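Got a structure for you, questions after.
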Ligand SMILES: *[C@@H]1O[C@H](CO)[C@@H](O)[C@H](O)[C@H]1NC(C)=O
């Protein structure tokens, strides 16, 4: 799928070089641009940033949108289930202004810490072992990728609440909401438990209600959520895939419900926005901005919908030293360029979005054969540690969303969730099922961490 997809993404850009006028959504200017600077009739060349101007249709309704590369995150946590306590007060509906990460300690998932400790204990080299063990102190997100994981959230919130009370340090719990019906509609490795054909929309609402019920009990603990990795991005570029076209209305209804309900209990939310090599392509970025702004408005423009999360479970640099050759043709060759281009488009559509960026596995660059490759990429290393010192006013925080060491997908071609991306030459094989521990991969991430551990 991704080879084909990357080619299409390139084709979306290349023709504009050959024509006298750039097509609708095509590039028409920017630093380094050598193609046409005029647009076909019915569209206007509009500067997006110094690197990129684009032909925006005067009527502004996108017609056909080329496919680009999906990334496929996946990652679970399953932890000791434990009952919830009752404490019925709800948080107020007023968000604090500014960056929700500032002034908070990020709660460390005990499940991931246990995975890391077990992994470190099986390493014999003393230096590598101690570096590996240090990963347990770096916060990642907890993926609520099935209903059965929701009670874990209650456990973590109770734990965070008691840490907060005993230390006086305010706690922030990071979650990924990831259980849409017909999930991962353009790939296979992360298919979920609900199907649209089998009442999945109501089941999803119930899943959200259960999350909300947990959060309501701990109004003093801050929760930050990434909303549904890949889902809206698939609606931007993959409506040519039947499963995605069929899921469009359901995805929108479910994401709107999640945004509204989580806002009602004060959760700070970032909708997943793919990455530079997906929605950052000139043909995709404006349609993406239009869709995200529409989702924001459909959830009544709640200020708890803080913005977008990019590069979730992916490998792109925040700021590349130089463009990876596989990014050729896309002026948004790293997450900073993507965010700097997308942010103003969102703002002008009425969504003053801020960003968080996953850098968990982005420590090493120029590893992939194609930009769309996403599965257990060989020779990757842990990246920049989570921080609010991002150097970019649009970026609230660098985060680690994907728990490094958990597989992106199996390389076993007999598995029902096998995706051929997971046995490409730049994927590490043999790889276990998505979300399960991948010891050799974890050890590589540790030894190739950049900055070093
Ligand atoms: C590959 O998957 C099949 C089907 O799930 C399973 O029977 C087989 O044991 C797996 N092979 C390996 C090497 O894990």
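Just so you know, glycine gets a Cβ as well, placed from its N, Cα and C.
Under the heading domain 'CBM1', TrEMBL lists 20-56. Taken from TrEMBL, the feature region 'Disordered' applies to 63-95, 402-421. Positions annotated as substrate binding site by TrEMBL: 143, 145, 275, 278, 314, 374, 402, 406. Annotation comment: TrEMBL describes 184 as active site. Taken from TrEMBL, the feature active site, proton donor covers 230. Sequence annotations record features per position, and here TrEMBL assigns active site, proton acceptor to 408.
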Which value does the mean pLDDT take for the domain 'CBM1' (20-56) in this predicted structure?
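Result for the domain 'CBM1' (20-56): average pLDDT 74.
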By a simple count, how many Cβ atoms lie within 10 Å of the Cβ of residue 374 (substrate binding site), its own Cβ left out?
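That number is 30.
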By a simple count, how many Cβ atoms lie within 10 Å of the Cβ of residue 402 (substrate binding site), its own Cβ left out?
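A count of 24.
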Applying a 10 Å Cβ distance cut-off over all chains shown, what neighbour count does residue 143 (substrate binding site) have?
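If we count other Cβ atoms within 10 Å of residue 143 (substrate binding site), we arrive at 27.
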Is it possible to list how many residues within the region 'Disordered' (402-421) are helical, extended or coil according to DSSP?
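Split by secondary structure, the region 'Disordered' (402-421) comes out as 2 helix, 2 strand, 16 coil.
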Counting Cβ atoms within 10 Å of each candidate's own Cβ, which of the recorded positions 145, 408 comes out highest?
408
What's the number of neighbouring CB atoms sitting within 10 A of the CB on residue 230 (active site, proton donor)?
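Taking every protein chain into account, the count is 28.
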Considering only the active-site residues 184, 230, 408, which fall within 10 Å of residue 402 (substrate binding site) when distances are taken between Cα atoms?
408
Run through the Cβ atoms and count how many others sit within 10 Å of the one on residue 314 (substrate binding site).
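The answer is 30 other Cβ atoms.
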Tell me, how many other CB atoms lie within 10 A of the CB of residue 278 (substrate binding site), whichever protein chain they belong to?
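I count 33 other Cβ atoms within 10 Å of it.
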